[in-house]
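One structure below.
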């Protein structure tokens with residue numbers, strides 16, 4: 001049986017080729033995106049895609065799972081080593097699935113949860129009204145102050161008033177370090193479970209470039225892509241055996257059926273990469289590159305929320321500009337620089353328009369770019385923002401960025 005994609009399905013083949021070309025020639029600067037290594041992609045495309053394996057290692061509902069058990073146990077063991085925890089569930093299909101499982105395992109419908117406001121940098125699954133987390137639970141929010149930072153005393157005040165069952169700490173657009181110890185103190189004060197979502201910063205945490213949520217958080221979730229640069233997926237971790245059992249039941253049979261064994265194999269490969277000395281060097285460079293990006297944009301007169309960054313992302317506000325985040329996103333895209341429009345603290349526009357953009361350093365750092373390239377790119381971003389309607393300038397910068405990108409090819413041959 002041989003069905004080479006190029007001849008069997010030329011439409012899909014062409015779409016893949018076009019996307020590979022786009023990723024190669026454009027500068028990917030969406031903070032939640034990264035480039036994974038070929039070994040991860042090979043595992044994703046392996047024969048494990050054919051295998052059903054409902055249950056957990058050595059406790060399956062299907063036969064023929066002996067090798068599925070091997071890869072899942074490797075993924076679990078490596079995850080626990082990576083984050084210095086006792087239990088890990090590597091089956092969640094996504095970060096949102098992982099977060100949903102935490103709620104399902106530990107609280108009831110209608111219980112109170114306290115998470116970061118979406119427009120202040122939180123995530124949909126932290127209690128936003130359109131999300132299941134805002135519909136199934138009674139959600140409340142905390143935010144950032146005028147300086148763009150979390151005021152932990154204010155979070156304590158809100159928690160005392162709300163008396164939530166779960167406090168969610170973590171964000172999707174917060175550029176500063178999260179103080180998990182202070183969140184632990186707040187949770188203890190009101191008798192709440194502390195749930196840390198480290199999806200955006202996990203790759204920094206495991207390299208020692210951001211404080212760990214352990215031992216402070218009761219339960220921790222993450223995606224396995226983003227700063228971890230693995231396959232798209234989710235994971236849940238804890239040091240509490242009782243919570244681990246509840247989490248396992250919430251994932252299967254609660255929210256999911258058969259796990260994606262090929263993805264779990266890829267997660268294990270990704271974790272091996274994250275455990276290397278090379279990874280620590282990479283994570284340090286991710287932060288250094290983001291810092292340069294923030295510094296240049298500030299020098300060029302742009303409002304960087306919180307005045308800088310401690311991690312992999314930079315949030316830029318256009319509340320004082322006539323153009324919107326949507327306008328900036330489109331202009332930068334035309335210049336060969338891919339970012340995403342993003343809400344900002346004090347947002348006045350709709351979520352489809354926004355007053356800001358979120359920019360990240362992980363993907364370009366994976367391509368080998370360092371401070372010198374990020375200084376060039378940051379200035380080009382500022383040039384575009386200074387001339388958001390100048391299509392001729394955008395086209396010129398696009399060619400310049402394509403030339404820069406050609407020196408940092410991420411995949412030298414197709415991986416399929």
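Including glycine, each Cβ sits where the backbone N, Cα and C put it.
A quick note: this is a predicted structure, and the numbers were derived from the prediction, not measured.
According to Swiss-Prot:
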type: BINDING; residues: 118, 122, 123, 124, 350, 351, 352; note: (6S)-5,6,7,8-tetrahydrofolate binding site
type: SITE; residues: 225; note: site 'Plays an important role in substrate specificity'
type: MOD_RES; residues: 226; note: N6-(pyridoxal phosphate)lysine
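Feature annotations (Swiss-Prot) mapped to structure.
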{"residue": "118", "record": "(6S)-5,6,7,8-tetrahydrofolate binding site", "CB count, 10 Å": "25"}
{"residue": "122", "record": "(6S)-5,6,7,8-tetrahydrofolate binding site", "CB count, 10 Å": "26"}
{"residue": "123", "record": "(6S)-5,6,7,8-tetrahydrofolate binding site", "CB count, 10 Å": "24"}
{"residue": "124", "record": "(6S)-5,6,7,8-tetrahydrofolate binding site", "CB count, 10 Å": "17"}
{"residue": "225", "record": "site 'Plays an important role in substrate specificity'", "CB count, 10 Å": "26"}
{"residue": "226", "record": "N6-(pyridoxal phosphate)lysine", "CB count, 10 Å": "26"}
{"residue": "350", "record": "(6S)-5,6,7,8-tetrahydrofolate binding site", "CB count, 10 Å": "11"}
{"residue": "351", "record": "(6S)-5,6,7,8-tetrahydrofolate binding site", "CB count, 10 Å": "14"}
{"residue": "352", "record": "(6S)-5,6,7,8-tetrahydrofolate binding site", "CB count, 10 Å": "9"}
Query = Under DSSP, is residue 226 (N6-(pyridoxal phosphate)lysine) helix, strand or coil?
reply = helix
Task = Report, in whole Å, the straight Cα-to-Cα distance of residue 225 (site 'Plays an important role in substrate specificity') from residue 351 ((6S)-5,6,7,8-tetrahydrofolate binding site).
result = 24
Inquiry  = So, three-state DSSP: helix, strand or coil for residue 122 ((6S)-5,6,7,8-tetrahydrofolate binding site)?
reply    = coil
